[in-house]
Amino acid sequence: MMEILRGSPALSAFRINKLLARFQAARLPVHTIYAEYVHFADLNAPLNDDEHAQLERLLKYGPALASHAPQGKLLLVTPRPGTISPWSSKATDIAHNCGLQQVNRLERGVAYYIEAGTLTNEQWQQVTAELHDRMMETVFFALDDAEQLFAHHQPTPVTSVDLLGQGRQALIDANLRLGLALAEDEIDYLQDAFTKLGRNPNDIELYMFAQANSEHCRHKIFNADWVIDGEQQPKSLFKMIKNTFETTPDHVLSAYKDNAAVMEGSEVGRYFADHETGRYDFHQEPAHILMKVETHNHPTAISPWPGAATGSGGEIRDEGATGRGAKPKAGLVGFSVSNLRIPGFEQPWEEDFGKPERIVTALDIMTEGPLGGAAFNNEFGRPALNGYFRTYEEKVNSHNGEELRGYHKPIMLAGGIGNIRADHVQKGEINVGAKLVVLGGPAMNIGLGGGAASSMASGQSDADLDFASVQRDNPEMERRCQEVIDRCWQLGDANPILFIHDVGAGGLSNAMPELVSDGGRGGKFELRDILSDEPGMSPLEIWCNESQERYVLAVAADQLPLFDELCKRERAPYAVIGEATEELHLSLHDRHFDNQPIDLPLDVLLGKTPKMTRDVQTLKAKGDALAREGITIADAVKRVLHLPTVAEKTFLVTIGDRSVTGMVARDQMVGPWQVPVANCAVTTASLDSYYGEAMAIGERAPVALLDFAASARLAVGEALTNIAATQIGDIKRIKLSANWMAAAGHPGEDAGLYEAVKAVGEELCPALGLTIPVGKDSMSMKTRWQEGNEECEMTSPLSLVISAFARVEDVRHTITPQLSTEDNALLLIDLGKGNNALGATALAQVYRQLGDKPADVRDVAQLKGFYDAIQALVAQRKLLAYHDRSDGGLLVTLAEMAFAGHCGIDADIATLGDDRLAALFSEELGAVIQVRAADREAVEAVLAQHGLADCVHYVGQAVSGDRFVITANGQTVFSESRTTLRVWWAETTWQMQRLRDNPECADQEHQAKSNDADPGLNVKLSFDINEDVAAPFIATGARPKVAVLREQGVNSHVEMAAAFHRAGFDAIDVHMSDLLAGRTGLEGFHALVACGGFSYGDVLGAGEGWAKSILFNDRVRDEFATFFHRPQTLALGVCNGCQMMSNLRELIPGSELWPRFVRNTSDRFEARFSLVEVTQSPSLLLQGMVGSQMPIAVSHGEGRVEVRDAAHLAALESKGLVALRYVDNFGKVTETYPANPNGSPNGITAVTTESGRVTIMMPHPERVFRTVSNSWHPENWGEDGPWMRIFRNARKQLG
């Protein structure tokens, strides 16, 4: 039976206004819109009155429910029938954890009530199209129609393909019907294999073969034989990549054989809790570094949010499934799309060339895709610290004559680093009889055929197959699985995981054969043991769907009880679905129909399928020289600063958590003005050291339209000039991931791909001492469609994205682009050797040209010398600022450095040649360094020692003030105020934020950027940062116990434990499942801290589901009430823990006036480094800190204080319960965005109880307790940042 319960309003006023504006623009006479959530409960038994009240209370969250009866025509948007939304999975978990076992499932829809003039059926279809994502959702016209969400269908049996009766044609028909993308020779192979077996294949076997042998999974082109211009080539593409490892194997521990590559890290204290006691401690051991970069292009073109989210999620799983289990740590993301054409902000180079109906626009991708990628990383708890963004779409005269080149099929790049124990780097042995396990969520009828779909050019497959290949994301489930993997690797030798892979393209049909085959075994499986929420799925759908957040593992049979215990504690679902066999055979039994849908020798599936040969021709580019007529430097500057590739990326940065883990030493945002211009991302290797890891990206795809090899060389060069900004040492410590995107089969592109791979794999990287131990290829970068009777094609440029990773010697020595105005000199190191080529530059693009000659690596020895010289100068602390020259050229390099330093530039380019335009906009490799005037001679000597004397040019100095002036020989070449340039550079991000977020907030942020008087972040402390008030108490040897409390989805507990540990506590890991099961109580603890993250993925309100699982369980409720009433206890709630504890007011004495915390005014997750002041309050944790003003990490989507009315706010203030407030850079309490990131009244961001024993706050002190993890800090701070005082106060209070 289904019950319907009304929910809170679903859309903020500005979202409704945006919808109305869209309807008006489409000339649809819609007058009013009201939207509210509607909940549907599928019950297996009736609820009594108490249970019903409990369910109603559970589903009461967010803004107050509307009292009026809605008016207008109902359009009910729900998840597609036959799918289960992430919201449903998590809300149902909460209901069960609150004791409501009668609830089979909860689901949620949005009911839109629309009042409109007379609309035709076609116009109503336009309205519904605006309200839902057809890939994920459906529209009903009555609430009762939602019954379809819970419809159950009978299982369907496997289908046989009549090969023996109908011959080869049966396979050809199945290939088209199922969208298998099989080549002719593969059809021949299958015909031969099944004829020899003497039976017909089942659809599931063909599907499994297609996925396992798709280009996506098998990389056929990279393993192919090559004939170019009639000449047989000696090596495959992959062999040329492997050549880099053969030449420079140094420091690589694993390459080409696992889900990620591994290189040597540093010996540090890894911090985690003991399995038996729950006590956190440091474990001194090597923390080796793993690296992986994936792409998820096809799904992102179809449905950008889930496409980008599952792209990030899949890459995170690759990291976790490395070796015998590893820990993902920090991420990067990238996008290449066609022109944005932002409404009202269209640029002169942006022409509309049309697109296929089935894919979304570049603007849609960049509105939704980055949010999906960021949301997954945020909820999983991985900081996103690096990225790139390129737009390109133009009709150009390239290798193949005049044609359309651009990114209608986008690049969505997701990558990152992690850490792994030395003894877990290599996979283990799979014993015969080992249990084969699926860890993670249930099978669902989604994401079918993603591997094969990704391997086709967009436009070749049926639209319904595109629809089927989109996946959905549930990062909170992946977090639970990762917690299990963490518990396993933390056991060291007792790790129960023998072998692990992630489930990606092809689902279990690819993952399980790969698992057993890699382990040298076969496998027998039971289909019906696979967890599934949809009983009506066919065997093919159960085995081959790409439901996310799953891993496959081999676990020794005698270790299964331990594994079961770990999974139950973390509430991570798992199923034992088979066991490993001696015989290399794959069998899948179906208990329901008592038949064998799969019964195959493994070598039929993964054996010697036909090898591809590429027989291709070379084409030379025909580019025309850059036409200069009408180009002025002033106009060029404004255009280039508006090009999204160059323009400010804040709209892509602040949506992503950049502080979680407490180990982020360098994020994108630089300096007191938080400008997103960092050269590279840097993390600390642990919470107790200055060793670290660095990541950087290099990419110059448009250059490939003129010169394939130069484009590839520049990508490597740019990655190197970016990562050089931190202290790495020997260049052999740097390892690269190469992600290759090409339109295979397009005239000239295959030969160009070979040329590019050869340039990097055979020549440049071996000469530099660089290794490429990991990478990925995507070979179908083309879209086709029809405009009227005309056939259209958009082909991407050959695109190589290089991600560089390295161990860091000392993270404190990372150099940023932030200029200083002390007596200084700016030096350009020009690795272009004066060539100043303008082909395929940002300048050429904004004037709709390509040019003829591009930049290139002009001298490999000088590039190596450059890296070594910069490393020497970094180690000697001789550099004040550093920024590489890249998109936009020297002009942009200097401008970004000035923005970061909030200063002026007095530049002189006389020594850079007579062509001023080329000197300023050429994108040859190089960098600008700032040095003290007194050090200039010594610095130039170091550069000369490394063979760079002829590359060094003095180009002026940074000056205080607002002027940005470039001269040559006494003549002004360009002059403008830095503030004006800053505003131009910011306009793209402003327009994107206005479209996507609350436009009022976007306007406030943009306005703030034009304030030259802004002093930036600054610090005023009322206490001595170096005083350790806990020291006398630590000296006693007593270590009070603090319960570090987490719920499923919490992700900030480790850094929280480390902060308390440093202050003299024994930090104990306490999961809510421990309390609910009675394994642990709170009676033995002196302090309790509820940590940040996304408990239950923030469904049912941020922290509210967590709180209700306490309030609705009598024993646990009493446990918390007793703790809060016990004198001499302390409690802290941070972020999600703050939201949770604000909902426990009925249990916490003196908290009656606490507010609720609701959706930010911006309607967006906000990750900021914000200034707060400590106010006078009873809070025991903030004693001695009153009056201090200091920055702190902020990361939340629901942090806005909501009070009942003005009287409630006045009472909260008059009782003195406000503990922290947001202030602007002038020290004034603020409600203005983004200084106040959530819009809380009076800047309130922390409150306390009347006794001061319980304090809750939205910002994260535990992420910045070390100075090194602050995005910016005064230079005189030592190891501990000022927020360490909170934790020491806690220790002092407990005596």
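The chain as shown is numbered from 1 upward.
Placement of Cβ uses the backbone N, Cα and C atoms for every residue, glycine included.
What you are looking at is a predicted structure, and each value in this text was computed from that prediction instead of being measured.
Taken from Swiss-Prot, the feature active site, nucleophile covers Cys1135. The active site annotation in Swiss-Prot covers His1260, Glu1262, and the record cites sequence analysis as its basis. Taken from Swiss-Prot, the feature ATP binding site covers Gly307, Ala308, Ala309, Thr310, Gly311, Ser312, Gly313, Gly314, Glu315, Ile316, Arg317, Asp318, Ala678, Ser886. For Glu718, Asn722, Asp884, the entry in Swiss-Prot reads Mg(2+) binding site, with the evidence type sequence analysis. The domain 'Glutamine amidotransferase type-1' feature in Swiss-Prot is assigned to 1042-1295. Per Swiss-Prot, region 'Disordered' is recorded for 305-327.
Projection of Swiss-Prot feature records onto the structure.
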residue	record	Cβ neighbours (10 Å)
Ala309	ATP binding site	32
Gly311	ATP binding site	27
Gly313	ATP binding site	30
Glu315	ATP binding site	31
Ala678	ATP binding site	27
Glu718	Mg(2+) binding site	25
Asn722	Mg(2+) binding site	26
Asp884	Mg(2+) binding site	26
Cys1135	active site, nucleophile	32
Glu1262	active site	30
**Request:** Give residue numbers and ranges for long-range contacts of the region 'Disordered' (305-327): same chain, 6 or more residues beyond its ends, CB-CB under 8 A.
**Result:** 133, 135-136, 254, 258-260, 262, 290, 292-296, 298-299, 333, 368-373, 375-377, 380, 382, 412, 414-421, 424-428, 447, 470-473, 475, 478, 481-482, 485-486, 488-489, 495, 497-504, 548-549, 551
**Request:** Go ahead and report the DSSP secondary structure tallies for the region 'Disordered' (305-327): helix first, then strand, then coil.
**Result:** 16 helix, 1 strand, 6 coil
**Fill in**
Counting other CB atoms within 10 Å of each candidate's CB, the least crowded of the recorded positions Gly307, Arg317, His1260 is His1260
**Asked** Among Gly307, Ala308, Ala309, Thr310, Gly311, Ser312, Gly313, Gly314, Glu315, Ile316, Arg317, Asp318, Ala678, Ser886, listed as contacts of ATP, what is the widest Cα spread in Å, to the nearest whole number?
**Response** 32
**Asked** Residues near the Mg(2+) site, Glu718, Asn722, Asp884 excluded, by Cβ within 8 Å of the Cβ center?
**Response** Asn679, Ala696, Gly698, Gly717, Ala719, Leu720, Thr721, Ile723, Ala724, Ser886, Leu925, Ala927
**Asked** Using Cα coordinates, what distance in whole Å links His1260 (active site) and Cys1135 (active site, nucleophile)?
**Response** 7
**Asked** Three-state secondary structure of Asp884 (Mg(2+) binding site) from DSSP?
**Response** strand
**Message:** Under DSSP, is the residue listed as 'active site, nucleophile' part of a helix or a strand, or is it coil?
**Reply:** coil
**Asked** Cα of Ala678 (ATP binding site) to Cα of Asn722 (Mg(2+) binding site): how many Å, rounded?
**Response** 9
**Item:** Nearest-integer angstrom distance between the alpha carbons (Cα) of Glu315 (ATP binding site) and Asn722 (Mg(2+) binding site)
**Value:** 23
**Message:** When you rank Gly307, Gly311, Gly313 by Cα distance to Glu718 (Mg(2+) binding site), which of the binding-site residues ends up on top as the closest?
**Reply:** Gly311
**Complete:** Of the recorded positions Asn722, Asp884, Cys1135, Glu1262, the one whose Cα sits nearest to the Cα of Ala309 (ATP binding site) is Cys1135
**Item:** Rounded Cα separation (Å) that holds between Gly311 (ATP binding site) and Asn722 (Mg(2+) binding site)
**Value:** 24
